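Visitor: Pasting a structure here, questions to come.
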Amino acid sequence: MNKIEIALLGLGNVGTGVWEIFKNNKDEVTRRSGYEIEITKILVNDVDKDRGVNIPAGVLTTDIEEILNNDNIKIVVELLGGMHPAKDYMLRAIENSKHVVTANKQVMALEGKELLDKARKNGVLLYYEGSVAGGIPILKGIEESLTANKIEEIVGIINGTTNYILTKMSLENMDFKDALKEAQDKGYAEADPTSDVESYDAMYKLAILTSLSFGLDVDVENIYREGITKVSSLDIEYAKEFGYCIKLLAIAKEKNGTLELRVHPTMIPIAHPLANVNDSFNAILIKGNAVGDLMFYGRGAGSLPTGSAVVSDIISILRNDMTLRSISTVENKENSKQILKRDSYKSQYYLRISVKDMSGVLGEISTIWGKNKVSISSITQKGEKEGIVTLVIVTHDAIEGDIIKALDELEKLDSVYSLDNLIRVEKFE
Ligand code: HSE
């Protein structure tokens, strides 16, 4: 049996998952890869920190050079997260002819092209299954199993932390902060949870999915992004009254050569399969022109699920090493697609607005919607407090540019106290 040495960069949540999988599934990993794999070095900041795993003496190091300049180490597994120094270490590993596995969505979304080009030039592989949707084999699914298709649409719940928060707010009336704290304690959240709750994490993942599915390198600036921090218990309650729930959706749709890319809280019918994707689970719906609709469901975050994707990538590299026919050898050529501008999106919209409780207000508001070509599907008045009432308005399909213009005008009305939240409604018809 051939032996192979590998190194991990980082021994946090995912790193310890990877270590555990190598320990617990040693026989399977050996048989399926054809190699006896040994983790001989792990880069950490502090060798004395207790991480709840038993690492043999001499494996932990604080010196990256012990890894990058060690010719016996053939695969470097980057699990540091963040841009720096992760990207530089990956580049240097590739330059030193080492294969690289990473779970780093930020680096792959923002700098993936440079890294993949470099890997191709240096004849090594760069795999990154763990960067999107944790344990769900979505990248290999797209690149291998669905490669006969033109992908038309991807709609996904691809951030475990926000799904956990929205689930707890919706099913247990928990408040935002407590739910976030629980998600952090369970190891789902990023080091800085802003990346989760403001949807940067989901945006990076959508960029990676889009790049593989639609064959173009996506500039994340072209993805409309909105976080979940404005979603209140009131929105969740009113959504339920309409037969909807609120999920953070990442959406990529192609129509006539134009791509629509967006990540935002969305109201979806409670009968839709995505509405029942709860806690930290992720799910991705893909529409291919041959296969039709597919749904991938599973754990999108956490130590062992993400570790599962990472170890599988290591095994894939060892299987593919001889041929170099791999997902990282497929180069994007299709940069002719247009990206739809935000003001051209078409959707139904839910608006929660606080107004003065007096005669003529509804008339004023309706006039503004009408003037801006927005047709109202329903309008409901909620409880009065100190002369202010909440109006909940749901529109028919409208163009987002028209909605924005109407909101600008509404905001200027004396009778409007505040525009509280605007949420898109996806009916999946
Ligand atoms: N913070 C991420 C999430 C972890 O909550 O989904 C996996 O990328």
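In case you wondered, yes, glycine gets a Cβ from its N, Cα and C as well.
Where the annotation comes from TrEMBL, it is an automatic prediction and has not been curated.
So TrEMBL lists the following for this protein:
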- Lys205: active site, proton donor (ACT_SITE)
- Leu9, Gly10, Leu11, Gly12, Asn13, Val14, Gly15, Thr16: NADP(+) binding site (BINDING)
- Lys105: NADPH binding site (BINDING)
- Glu190: L-homoserine binding site (BINDING)
- 350-424: domain 'ACT' (DOMAIN)
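What does the local environment look like for each feature on the list?
Guide: In the three-state DSSP classification, Lys205 (active site, proton donor) falls within a helix. Note: Lys205 (active site, proton donor) has non-local neighbours Lys105, Ala109, Ser131, Val132, Ala133, Gly156, Ile158, Asn159, Ala250, i.e. same-chain residues 6+ apart with C-beta under 8 A of its own C-beta.
DSSP assigns Gly10 (NADP(+) binding site) to coil, not to a helix or a strand. Taking the Cβ of Gly10 (NADP(+) binding site) as centre and 10 Å as the limit, one finds 22 other Cβ atoms among all the protein chains shown.
In the three-state DSSP assignment, the secondary structure recorded for Lys105 (NADPH binding site) is helix.
The secondary structure of Glu190 (L-homoserine binding site), as reduced to three states from DSSP, is coil rather than helix or strand.
Across all of the domain 'ACT' (350-424), the predicted model scores a mean pLDDT of 96.
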Visitor: Between Thr16 (NADP(+) binding site) and Glu190 (L-homoserine binding site), how far is it from one CA atom to the other, in Å?
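Guide: Glu190 (L-homoserine binding site) has its Cα 16 Å from the Cα of Thr16 (NADP(+) binding site).
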Visitor: Quick check on the binding-site residues: of Gly12, Gly15, whose CB has the lowest count of neighbouring CB atoms inside 10 Å?
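Guide: Comparing Cβ neighbours within 10 Å for the binding-site residues Gly12, Gly15, Gly12 has the fewest.
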Visitor: Which binding-site residues from the list Leu9, Gly10, Gly12, Asn13, Gly15 come close to ligand 1, meaning a Cβ under 6 Å from one of its atoms?
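Guide: So the answer is none.
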